[in-house]
Amino acid sequence: MDLEQLKAERGTKALAPLPITERELCDRFEQTFTAAVNDVLRERGLLYQVLPAGILPLKDEMKVCGIAFTVKGSKNLTLESEMEQRARMLEEIGPGSVVVWDTSGDDESAQWGEVMTMASQRRGCRGAIVDGGVRDTNKVLEQDFPVFCKYRTSNGMLGRFRMIGWQMPIQIGGVFIYPGDVVFGDIDGVIVVPRAMAYEVLLKAEHIKENEKAIKQMVLDGLTPTEVIKKGGYF
């Protein structure tokens with residue numbers, strides 16, 4: 001077993017440079033849709049980049065793309081310095097980020113709520129994706145801040161769950177997420193795009209979006225499915 005190679009693959013990676021700003025990249029991804037991005041990744045052999053199907057937006061209309069700010073935590077009853085730890089994490093969130101929580105499968109606590117939303121939004125955060133719970137849901141919705149989660153609960157983290165660390169590689173379902181990756185969510189769920197190929201994937205997804213306009217027009221014009229396929233369309 002080559003442990004050094006495994007360490008390199010699983011360790012925190014240097015951020016790959018992008019030909020455009022992170023903000024433009026994410027804004028343009030939000031003009032596409034996750035299904036198009038999924039198809040592009042499939043063409044590149046990446047078939048398992050979608051987070052578990054239960055992680056969905058608080059509202060169907062929510063859409064977010066940002067740079068992954070990863071957080072790892074687990075069930076834990078200890079309380080010492082827990083609030084100070086939360087504060088340090090929140091103060092490291094940067095503009096253009098999406099906070100992504102790996103909860104180690106927690107199914108009872110809310111890792112996100114109203115005040116975290118307020119604090120992170122003021123730092124330029126674009127949204128939160130939680131493999132766990134959210135509380136203060138009505139107040140979060142009032143802030144027009146995209147949040148994706150598995151469930152809603154009134155249970156807070158304190159005395160039930162705490163962070164292990166942040167800005168470290170995490171895994172949700174079968175998907176590895178590294179700090180700096182591009183995370184994109186809409187009504188169909190959340191997909192993770194490795195940073196090194198993000199711009200290339202964006203261009204192809206934009207092409208798919210435009211191409212589908214032509215395919216839809218073929219259907220409206222009365223072409224049969226077979227005729228559409230012969231003209232390069234698909235279903």
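Each residue, glycine too, has its Cβ placed from N, Cα and C.
For the substrate site that TrEMBL gives as Gly113, Glu114, Val115, Met116, the extra residue drawn from Arg88, Arg126, Arg135 is Arg135. Report note: the substrate site is defined by Gly113, Glu114, Val115, Met116, Arg135, and the residues of the same chain whose CB lies within 8 Å of the CB centroid of those residues, excluding them, are Ala110, Trp112, Thr117, Met118, Val134, Asp136, Lys139, Val140. Glu114 (substrate binding site) counts 18 other C-beta atoms within 10 Å of its own C-beta, drawing on all protein chains shown.
Cβ neighbours within 10 Å of Met116 (substrate binding site), excluding its own Cβ and spanning all shown chains: 25. DSSP assigns Asp136 (Mg(2+) binding site) to coil, not to a helix or a strand.
Its Cβ taken as reference, Arg135 (substrate binding site) is surrounded by 21 other Cβ atoms within 10 Å in the chains shown.
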